[in-house]
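Asker: Next up is a structure, given as structure tokens.
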């Protein structure tokens, strides 16, 4: 069959290198680059590299925020490397809250799978608040880099699936950035106008020093 | 309060124009551009522009594919314009199938909300098939531009939420591209090697002429 | 001269439209797009569209932060539209501070023109603090989207010139986002763990309600 | 010569590393990344890395499609790595056809060097067909990701030069994706509505199993 | 036919707006943006918008450079708007030369259709020259923004087809930039080290003043 | 403290790999890629990787151009890798000039720190000159890839800080590209229309051969 030979030949032209137009499953251990991780050899990639099963179980919400974020970012799900998206699961117990945070490198879109969630974001220069209580099946989008939060709005467990416009969106929770490291209280208070007592109280809760 | 004045002043510096760093809610009726639709004035934007409620209800699956795609692309959900992502809901009745298709401009990530779905994609040059049966909570990613499909894999209604790496991913269903327009049977048969009887049969089903 | 005719002819081929490969000076009043503002007709553009004189004078620092940010973003300097950069001037009186903030859409690079400045940023997931006192001529870079601050580190007026990797970097000052709008104290406290007294005190200073 | 020293000095500042602003000739054997292959050391690059001679000879068209695609993609022509383009040569014998296919990551522009070619593409959501018979010197553009084909439209050998908007455009021929691998006939038939006889016939021609 | 209804319905969902995922044929008269021109309504677009016939005829080479560049950039060929590529035809009479020039916004790839061409480019910081005489069928790539030239290398008419990695690559011919405008001889001589006599001689040829 | 555990846990999820959403400090010795250099392990990065002190001292202007460019590009300042910007310092003695040049991959924005500078750029197809004498505090932007120059416009030392829209903007000084390498005088004269005497004179000054 001549056509068969053509197909086989064509495939051979392209199959022998570690970069392909189609995908670039991450080698997490290798050296990354500004565009993401290095690619695994396509010949060693299987369907399981494109499937992630970690979002099927609820995150553990027995913590102070009564909530859990389970990421399927490139670090957990190497198949999304270079594909311009990633995912996560949010679990919020009745009093649960995903505290104020930003994703430095991505927009987010949220779908409520179960329960009710009050979500909001704040625009930058005008400081306008966009807040809404979402019910099952509702979708909300949070523009890249802006402060936003999600709070359980009903008496039952809430679940949401969120997607991002980047395989590696980052997650900067304001409280952790302020109170969970060794940033000196003096610099923190000067740059946030928070009172010393407030700073020390939250540093204690979150393990901050300085 | 001097600081109050500073805050107000700062907001004024940025609030008077129709483009802002934060978001660009689409004016669907205006002239689009390669980067998306023109922006509505931020002062006229409300939280409802960032919320979409159309994915909360099941699509109508009483059709020949026993399935429905409900898009929340920029055309339906103008708030995602310029944000690098969008969403859709898939409903598959017991015999439902989302036929072979591509998204010309986006990768896709799928989360199974209910039921079981057999999903797969085909790589380009090597024509390798990556197929898997996914259960509730499983996630699968489909690299941009590649042929893929989803088929109900259990006897019950299946639901999935999918996200895309572009507000306007496009959707090219191969059968519709081949058989639902006026592409002449002669050109179609020459360029696909499909038999004339097959072409005519599917043109009849899908409304194609020529 | 045949070559002259060639040159004139060639210029004519390209001079009659409102978009050019070279630049796209913003029409701030027109409809923006995700990629920036619409372009003014090149024939109406003069060198003054590429020159901005507003950074030559010190900003007014007689305010509660004893500091001023004078932006040369696309809204003030339409010539940078589409060129992937912008600039600003920072003035810090002896006790001056540019409070904790992010630029949702850009990285920043700072050059100390005069005085000493203690500057720092916080990484996202690891919450690591990178802080340094910079003297005249020192340069520091702040990666896109991350929380950062600048504080006068000497007894004299400090001046810095900062550049951004986007014509429209945005500026979200955390205090203004939290306390200078109508975000309800209840939601704010739940999502930040700040005490009610602290929230109300800063809302009063910054004009917040709710 | 002071200026000479300046020139030499300046060159030295930049010549000692494997990444340069100018170009990034691919190391095909190394680890790729989402943005392309790693760069060879500029000092080892010669003009021959930027020249490709493989398109000067006709491809072998004695096959079932009576046509040949000779690619100068990054895998064959490492000099285009990172430069946002690539090329290929099409040869079509009198009955030749480049079957329905997509390039998942690039637009294509075609120039007819010799003969006549009937070319067409199909838009996504509207399924509109754009088809035209092109003569020598005509140019046609095929938007990224959309199904398209080229067929010899005269009794003589046709030649075209095509360029792509990516060094690694990919090539997914629908027939090969459907019939030249181990995708089960059951899944294929369900997802394409093709008859079993048709599927088995073409699998036989193209070497498919399952 | 239920499937027919589904196809028709689906098309309707997407067909009513002036921006589409698939293409964005330029409205040259409207306001451009940094990402290109505004889109014409898809419903008014025909196949002729994707076909350009202007490269089928030789450019007029009876001028001082004995050469012609016939562009199929977005200004001449609106169909390439937003598609990341464009094309041009080069005609070089026996003594023809495309003088030293850059494309500020694109890489270039050249295919020799007829004759022989000596082509070269110069790297930036190291000032290395990459020069080669190309024969019919040879391909050479010129990285974005770098100075390059093409000179007829045989006694016969040469023709090349070149493609660019942008719909609007720009073209800055150094001689025209220096000598075909009103840049004062004083500034030009200071900034190029060219002699006054040389500057005045070429200004006369190219129509420069000042 | 459960919240403390949550914070620590979350950090652990992300801290163990060499690519991070936040930054990608360059490993200059490793293999680069089209998107920049490989990333150093975040755990080995300190604040000093984000600080550059080389722009605090004047460059040596005792050379034939009476000027100096001190770059803080990615090769000198690895912290800017992947962040979309870089910086440089210009020193111009009273007769100093930064000769006609382009940055192949970036736009530039200039802030006059001291003295007066006459700066200009030339548009591509129309060859329009945009020139202005800038005083202390003035800002001027130079669109990517276009020829531009800076000349001291007063009797005193001038200093400017310039930023670029890329970590690796490149720098192609036309005189060096023409006269500081082994490009044959014949090809150079044919492609620039410069006289042989002029070419040989400047080759001698700049060390060119051929």
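Glycine is no exception: its Cβ is also placed from the backbone N, Cα and C atoms.
These came from TrEMBL, pasted as-is:
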type: BINDING; residues: E:101, E:103, E:108, E:148; note: Mn(2+) binding site
type: BINDING; residues: E:103, E:108; note: oxalate binding site
type: DISULFID; residues: E:24-E:39; note: disulfide bond
type: DOMAIN; residues: E:53-200; note: domain 'Cupin type-1'
type: SIGNAL; residues: E:1-20; note: signal peptide
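Buried or exposed, and what's around them? Tell me for each listed feature.
Answerer: Residue E:101 (Mn(2+) binding site) carries a strand DSSP state (E or B). Counting every protein chain shown, 21 other Cβ atoms lie within 10 Å of the Cβ of residue E:101 (Mn(2+) binding site).
Its Cβ taken as reference, residue E:103 (Mn(2+) binding site) is surrounded by 28 other Cβ atoms within 10 Å in the chains shown.
Applying DSSP to the domain 'Cupin type-1' (E:53-200) sorts its residues as follows: 25 helix, 56 strand, 67 coil.
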Asker: Looking only at the domain 'Cupin type-1' (E:53-200), what is the model's average confidence as pLDDT?
Answerer: 97
Asker: Run through the Cβ atoms and count how many others sit within 10 Å of the one on residue E:39 (disulfide bond).
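Answerer: Looking across every protein chain shown, the total is 25.
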Asker: Around the recorded Mn(2+) site, report the further residues of that chain (criterion: Cβ within 8 Å of the mean position of the Cβ atoms of E:101, E:103, E:108, E:148; site residues excluded), sequence-ordered.
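Answerer: Going along the sequence, the neighbours come out as E:102, E:121, E:142, E:146, E:147, E:169, E:171.
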Asker: Non-local Cβ contacts of residue E:24 (disulfide bond) (under 8 Å, 6 or more apart, same chain)?
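Answerer: Expected: E:36, E:37, E:39, E:81, E:82.
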Asker: Among the recorded positions E:24, E:39, E:148, which ones place their CB within a distance below 8 Å of a chain B CB?
Answerer: E:24, E:39
Asker: Give me the count of other Cβ atoms within 10 A of the Cβ belonging to residue E:108 (Mn(2+) binding site).
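Answerer: Summing over all protein chains shown, residue E:108 (Mn(2+) binding site) has 26 other Cβ atoms within 10 Å.
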Asker: When DSSP is mapped onto helix/strand/coil, what comes out for residue E:39 (disulfide bond)?
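Answerer: Its secondary structure by DSSP: strand.
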